[in-house]
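Colleague: Sharing a structure here in structure tokens format.
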């Protein structure tokens, strides 16, 4: 499928003086390297996004001289992957900064509409077992269906004097909770929590906690969380004060397995540079920042399901936990302690 994208002089459109068609951008004339460097993805993936989102984008831009879905998607990808409206991508497709902003908004909304299709826990028993098998092969922990963690994405201070977004390191952020499988595919992405909330507080209020609390069958599987999370029958955390060799072996296996979600955060932030703070914080309201983060999560899953490597763009530094203290309360749930001890005895003794 060849895309010949007619580029419009959007500044003329903005001022109502008509429009003109500039030189066509023919995606077939550029290399995958050019597309990767400019828009972050190869041509076949861009073709797929156009087909996936074009109906939604056409609904949002029903003006006779609206920017085409093709250009909107390229503009949004350029922003997500560069973190700037002033990147070389602007020259590549010839639209103004104001038009880019509208394109990013339109594509972000279109991607969020698609979120239920690409992010979610499976109900298929065979797929659940596949998840468990893949996690088991990492370090020998059975029955794991997902790993959960939070990380902070920096945002500008809200217009209102709202301290709820100030985290323990003193900057404004959104605390994002992700759950992923062993491949880094997101099963849940809650990207709207104020930065002042601890990981434990986010988890307690999250849809994931409600989902697992309501499950009727204890054999559905476990999540793995670090010591910032509460120990539950369905949420296994490390032993905070290991005593036996089995405890140490379990903790090592837990750390190795749980690292998948941290790697996923790093890969997302590195592929989508608008989230990593290198070119400044996200300059939008908390709600719009949340939407942009969610859109990047959807793109992450779409790319993974399309065969792209989740770890291609992974950086090495740790994700930002914003100085949160480790939760010392291992004794909240005696039944959860029993379940974890049985796990350790049966598989790590």
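Every residue, even glycine, has its Cβ placed from backbone N, Cα and C.
From Swiss-Prot, here are the annotated features:
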BINDING   149, 199, 226, 262  divalent metal cation binding site
DOMAIN    148-301  domain 'DDE Tnp4'
Colleague: Enter the number of other CB atoms within 10 angstroms of the CB of residue 149 (divalent metal cation binding site).
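Modeller: Neighbour count, Cβ to Cβ under the 10 Å cut-off: 25.
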Colleague: Taking 199, 226 as the binding-site residues to compare, which has the smallest set of other Cβ atoms within 10 Å?
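Modeller: Per-residue Cβ counts within 10 Å for the binding-site residues 199, 226 bottom out at 226.
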Colleague: Give me the count of other Cβ atoms within 10 A of the Cβ belonging to residue 262 (divalent metal cation binding site).
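Modeller: Around the Cβ of residue 262 (divalent metal cation binding site), 19 other Cβ atoms lie within 10 Å.
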Colleague: Provide the three-state secondary structure of residue 226 (divalent metal cation binding site) computed with DSSP.
Modeller: coil
Colleague: As a test of reading the model: what is the averaged pLDDT for the domain 'DDE Tnp4' (148-301)?
Modeller: 93
Colleague: How would DSSP class residue 149 (divalent metal cation binding site) in three states?
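Modeller: In the DSSP reduction, residue 149 (divalent metal cation binding site) maps to strand.
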